[in-house]
C-alpha cells in the first residue's frame, strides 16, 4: 500500500462523482431535514439529484434537538415518513411522537444516499444561473474559499429545478431578491408551532420559475411562524416538493 494510491483513489472517485453531477434534474441546496427528504423521494422516483451542503456535516438543525437535548418531536401527519425511513419513535400523547435527533439526522442522510441522491458537502452556492427568466443551475465554490474571501472563480451546475432548502435565511432565494427578481423575503414570524407546521407545508412551492423552496426557507419567504423543535413539517415539506417536481418532470 502506497500513499499515492490512497490519494489517487480519492481524487479519481470524487472527480468522477462531480463530473457525473454537473447536469442534473434537480439540485438541492442544503442538507437539512427537508432537503434530505426531498432528495430521497426524488432519487426514489428516478430523478438525477444532488444535494449541496456548505457545512462539513449534513443534518441542518436536527442534531442539537432543543437547547442541546438531542430529541425532537414529530406529529401524526408525518409519522408515515418516519415509518418509511425506519426511524424509531415513542408516542407522547395528542398525536405527538418523540425521537432521537441523532438517529433522525443520520438515517435521513443514509436513506437519501442509498436511494441515489449524491451529497456534496463543503460546497457553497454563491449564485444562481438564471436564463430567460428561469432558474437553471447553481454557481458553486468551496466553502473555505467563501469563508476566507479568496478571489477564486466558481464552477456551475446545470439543473432543471433547484430547491432552496437552506433554512431560516432562504439563502438561495436571497440571490433573486437582490436582483429584484422576487419582491420580498419577509422572514419567519414569531413562534406558533401548530400554525408554523401547517404553513410550512402549505407554502412549499415553486417560488420562481425553476426554483422551489422547502422547510424554513419556505416559511421565511412567506413570513410564516417559526415552530421550534417539531420536525414533521420539514419532512412533509420535502416530500411535497419532491412529488410536485417529479410530476413536472414526467417521472
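Just so it is clear, glycine is given a Cβ too, placed from its N, Cα and C backbone atoms.
The model shown is predicted, which means the values in this text are computed figures rather than measured ones.
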### Task
Return the residue out of 92, 98, 113, 125 that Swiss-Prot annotates for the same NAD(+) site as 34, 53, 54, 61, 151, 152, 153, 216.
125
### Query
Between residue 168 (Fe cation binding site) and residue 34 (NAD(+) binding site), how far is it from one CA atom to the other, in Å?
12
### Whole-number Å value for how far residue 125 (NAD(+) binding site) lies from residue 153 (Fe cation binding site) (Cα to Cα)
12
### Site with most surrounding Cβ atoms, counting all protein chains shown within 10 Å, from the binding-site residues 54, 168, 226
54
### Query
Restricting the comparison to the binding-site residues 34, 152, 216, which residue's C-alpha is spatially nearest the C-alpha of residue 226 (glycine binding site)?
216
